[in-house]
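Taken from Swiss-Prot as is:
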type	residues	note
DISULFID	32-117	disulfide bond
DISULFID	110-116	disulfide bond
LIPID	191	S-palmitoyl cysteine
MOD_RES	67	phosphotyrosine
MOD_RES	172	phosphoserine
MOD_RES	187	phosphoserine
MOD_RES	188	phosphoserine
TOPO_DOM	22-32	topological domain 'Extracellular'
TOPO_DOM	56-76	topological domain 'Cytoplasmic'
TOPO_DOM	101-122	topological domain 'Extracellular'
TOPO_DOM	147-200	topological domain 'Cytoplasmic'
TOPO_DOM	225-231	topological domain 'Extracellular'
TRANSMEM	1-21	transmembrane segment
TRANSMEM	33-55	transmembrane segment
TRANSMEM	77-100	transmembrane segment
TRANSMEM	123-146	transmembrane segment
TRANSMEM	201-224	transmembrane segment
TRANSMEM	232-251	transmembrane segment
């Protein structure tokens, strides 16, 4: 997730800013498509990584004793690799092979113009890439993370009840045995730490969704009904998504 945000900040945002400020593209057709590919790659990798993190937390919460054996470091590396492969197949392959290209006159003119880098896509690519890059991971992420919070909440309630009964029945023993009190405090601190981590991940996922959902809604609408969404709105919402890369380090 950090790598995707870093690449977005170093390789996508500066060229995007130059494109808007100068109102033209100064880096040629090849770099236009390569830059666009990196853009789609980073967005796809970001949300799919968040989706994988949600599944990881779900397994950690629901099957804590099996977690270490189920998710080893090698398996984690394979999953991360798969995320970037899928992201590459969604971005670089169709863009570099020109499968994404629209056939209307305005789009064709832009493709042949060295100073134009507007992202004109055909309907099939716009909808398919939005589904693979955003909507499917979003649905999985929301469903899994809602389950994670439900399970975590129930576990915290059980721990609170257990500690309450323990203190009520064995207060004098706890006072005499420092080790028992230390064990309870350690258990409570661990649960609070896990709960805080879940809240932080929830904020990251929520921020990402709020930043990118408007753009992907507009992206699909634009693919179905051309000229319905003003270009300025499209660019503004795209930059709202870019801003998300600056939020994660702060969160």
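Placed from the backbone N, Cα and C atoms, the Cβ positions cover glycine too.
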Long-range Cβ neighbours of the topological domain 'Extracellular' (22-32) (under 8 Å; 6 or more residues past either end): 15, 111, 114-117
Local Cβ density at residue 110 (disulfide bond) - other Cβ atoms counted within 10 Å: 20
Under 8 Å by Cβ from residue 32 (disulfide bond), same chain, sequence gap 6 or more: 25, 116, 117
Selection from 33-55, 77-100, 123-146, 201-224, the stretch that has most Cβ pairs under 8 A to the transmembrane segment (1-21): 33-55
Sparsest Cβ surroundings (other CB atoms within 10 Å) among the disulfide-bonded residues 116, 117: 116
Folded-back contacts onto the transmembrane segment (77-100), same chain, C-beta under 8 angstroms, at least six residues removed: 33-34, 36-42, 44-45, 48-49, 52, 121-122, 125, 129, 132-133
Those residues of the chain, 6+ apart, with a Cβ under 8 Å from that of the residue listed as 'phosphotyrosine': 59, 60
Spatial neighbours of the topological domain 'Extracellular' (225-231) far in sequence, C-beta under 8 Å, 6+ residues away: 104, 118, 218
Tally of residues which DSSP labels helix, strand or coil - the topological domain 'Extracellular' (225-231): 1 helix, 0 strand, 6 coil
Cβ contacts under 8 Å made by the topological domain 'Cytoplasmic' (56-76) with residues that lie 6+ beyond its boundaries: 144-145, 147-148, 151-152, 155, 194, 198, 201
For residue 32 (disulfide bond), the three-state class that DSSP assigns: helix
